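A.B. asks: Please see the structure below; I have some questions.
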Amino acid sequence: MAFLVFAFLTLMAVETYGSLFQFRLMINYLTGKLPILSHSFYGCYCGAGGSGWPKDAIDWCCQVHDCCYGRMSASGCDPYFQPYNFSYINKNLQCVETDTSGCPRRICECDRLASICFQQHDATYNSSNIDPKRKGCGTKSPPCPN
């Protein structure tokens, strides 16, 4: 039991730096869910890595988000650890970076759009799609949208 507590706390500490922490806050604000529990191993794309065909609308949100992070990485940004500023006022998320062309703003937009996608499809959330082993995902993946 002590090992499980240690592992959980370590995972929480590792993933609270930079934009991953802010992304979690956005998801929590819009869905009321704790992303470390609700989205970390959801479907074929939510959480670290991803391949195969998305299982549902929530998983599609994650696939599109992975593609967005891929574009950020390809352009020299670090979407996992680059902090950014955002506001949440009257149930509205806004990226508030002053440099609208810089990495922080673009990464924030990736996270904001994914969080809104989760909110829009929250009624379809299916806890049976949580699977750390990602069974049934296959190898054929959809192309990233432009």
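The backbone N, Cα and C atoms fix where each Cβ goes, and this holds for glycine too.
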A.B. asks: According to Swiss-Prot, TYR45, GLY47, GLY49 bind Ca(2+); identify which of ASP66, ASP78 is listed for that same site.
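C.D. replies: Ca(2+) site check in Swiss-Prot: besides TYR45, GLY47, GLY49, the record includes ASP66 out of ASP66, ASP78.
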A.B. asks: Of the candidates CYS44, CYS46, CYS103, CYS108, which does Swiss-Prot name as forming a disulfide with CYS77?
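C.D. replies: Among CYS44, CYS46, CYS103, CYS108, the cysteine that Swiss-Prot links to CYS77 by a disulfide bond is CYS103.
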A.B. asks: Which of these, CYS117, CYS137, CYS144, shares a disulfide with CYS61 in Swiss-Prot?
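C.D. replies: Looking through CYS117, CYS137, CYS144, the record in Swiss-Prot gives CYS117 as the partner of CYS61.
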A.B. asks: Quick one: which of CYS110, CYS137 does Swiss-Prot link to CYS44 by a disulfide?
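C.D. replies: Its disulfide partner, as Swiss-Prot records it, is CYS137.
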A.B. asks: When you measure from the Cβ of ASN126 (N-linked glycosylation site), which residues in the chain that are at least 6 apart have a Cβ under 8 Å away?
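C.D. replies: Within the chain, ASN126 (N-linked glycosylation site) has Cβ neighbours under 8 Å at ASP56, ILE58.
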A.B. asks: Within 8 Å of the Cβ centroid of the Ca(2+) site residues TYR45, GLY47, GLY49, ASP66, which other residues of the same chain have their Cβ?
C.D. replies: CYS44, CYS46, ALA48, GLY50, CYS62, GLN63
A.B. asks: For GLY47 (Ca(2+) binding site), list the number of other Cβ atoms lying within 10 Å of its Cβ atom.
C.D. replies: 18
A.B. asks: Between the recorded positions GLY49, CYS108, ASP111, which lies closest to CYS61 (disulfide bond), Cα to Cα?
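C.D. replies: Looking at Cα distances from CYS61 (disulfide bond), the smallest one goes to ASP111.
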